[in-house]
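Remarks on the structure that follows.
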Amino acid sequence: MTEPALADTPRQEGAPKAPSIPQTAKKTRVFSGMQPSGELHLGNYVGALQHWVARQDESDNIFCIVDLHALTIPEQIDARALHDNARKLAALYLASGLDPERNLIFIQSHVREHSELAWILNCATPLGWLQRMTQFKSKAQQFESTGTGLLIYPALQAADILLYDTDAVPVGEDQRQHIELTRDIAIRFHRLFGEVFKLPVAVIPEVGARVMGLDDPETKMSKSLAVTRPGHAINLLDDEKTIRKAIMSAVTDSGRETRFAHASPGVRNLLSIYQALTREPMSAVEATFAGQGYGALKKALVEVVWETLRPLQARYHEIMADRAGLEAVLTRGAERAREIASATMQRVRDATGVG
Ligand code: ATP
Ligand code: MG
């Protein structure tokens, strides 16, 4: 199976393609998730969520709200907020267009098998593999103290994916290394205990797979950074005024270059977000802004972002007004997820002798 080309590598022609999900004889099983570690931002949307929605008919989909992962930065946790954020994140999945009838949506901690398998996989994972993860290194630098959870969370992520016999994991570029690690952990487990898991592949979009911070185009836009850095991210629930302010003050440079290949990182970031949301070919985006200053690009981007987010926010508020309906989706999702996860765990128990 081939992986789609890397994010934001300049493509010459044609509209940006949604990442193609590898096909198998049975419907492809897709699994992915997001952490309720703060508000969802535009990077989460263009890097992952919009592709989950676009491809929902092609595959057998499981989308998780990975609340246990949010505990890896415990200093940022408020118990009530974490609980609420998990529901808000589920509402944002639905508001973005995921249909609960066609997708299994649930909260990770409702299915205990995730923690159980994570422990077993941690035991099969060499320490050096975890210490090498670039996300561990960068997050460990960003925050004052480093909990063990931050180091070992890729094994929990491997458990999330492997529990569901996943074929494909649609994610942003930052997760490529973690999906490769998931495969390596599964292969090592197989050598130690025998074959149990399916080996998944990462599916990464060509455009928008690594949206950068508006305040610093050298840093990936991140939920956890946005908590303390106003102007870093555009959140999916921001109002028009906040969005305009964040985009108009985005870091660019003193030139006028709006061709992808020659633009500075800040300008390239704005062009990529524009391209990912409009799905226009790169050449069309370049032609639109040729000879214009960055002000024109920023103004057009404000409009495109707001056109996307305004209807999404309206749906979000409707969904949040029916909390019982939302809880029902999550309860049903967890029940169905548990059925699949417990069958996999039985295979793991048989293979390891645990239980
Ligand atoms: P945190 O800072 O807490 O890690 P995050 O913004 O990185 O939050 P995650 O919940 O870790 O968000 O990731 C959810 C999904 O969004 C993943 O598929 C991830 O690859 C994708 N993603 C995250 N940030 C970006 C970004 N800046 N550009 C594109 N995709 C992104
Ligand atoms: Mg992340």
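Here the Cβ of each residue, glycine as well, is placed from N, Cα and C on the backbone.
Note that the structure is predicted; figures quoted are calculated from it, not measured.
For 1-26, the entry in TrEMBL reads region 'Disordered'.
In sequence order, VAL66, ASP67, HIS69, ALA70, LYS223 are the residues near GLN35 (ATP binding site), counting only same-chain partners six or more apart with C-beta under 8 A. Under the three-state DSSP scheme, GLN35 (ATP binding site) falls in the coil class. Under the heading ATP binding site, TrEMBL lists GLN35, PRO36, SER37, GLY43, ASN44, GLY172, GLU173, ASP174, VAL211, LYS220, MET221, SER222, LYS223, SER224.
The motif ''HIGH' region' annotation in TrEMBL covers 36-44.
The feature L-tryptophan binding site is assigned by TrEMBL to ASP160. ASP160 (L-tryptophan binding site) is surrounded by 27 other CB atoms, counting those within 10 A of its CB over all protein chains shown.
Taking DSSP states H, G and I as helix and E and B as strand, the motif ''KMSKS' region' (220-224) has 2 helix, 1 strand, 2 coil. Look at TrEMBL and you will find 220-224 tagged as motif ''KMSKS' region'.
Annotation for MET221 (ATP binding site): same-chain Cβ neighbours under 8 Å, separated by at least 6 residues, are HIS41, LEU42, GLY43, VAL211, MET212, GLY213, LEU214, HIS232, ALA233.
Sequence-distant neighbours of SER37 (ATP binding site): residues of the same chain at least 6 apart with a C-beta under 8 Å from its C-beta are HIS69, ALA70, ILE73, GLN76, ASN85, LYS223, SER224. Of all Cα pairs drawn from GLN35, PRO36, SER37, GLY43, ASN44, GLY172, GLU173, ASP174, VAL211, LYS220, MET221, SER222, LYS223, SER224, which the record names as binding ATP, the longest spans 19 Å.
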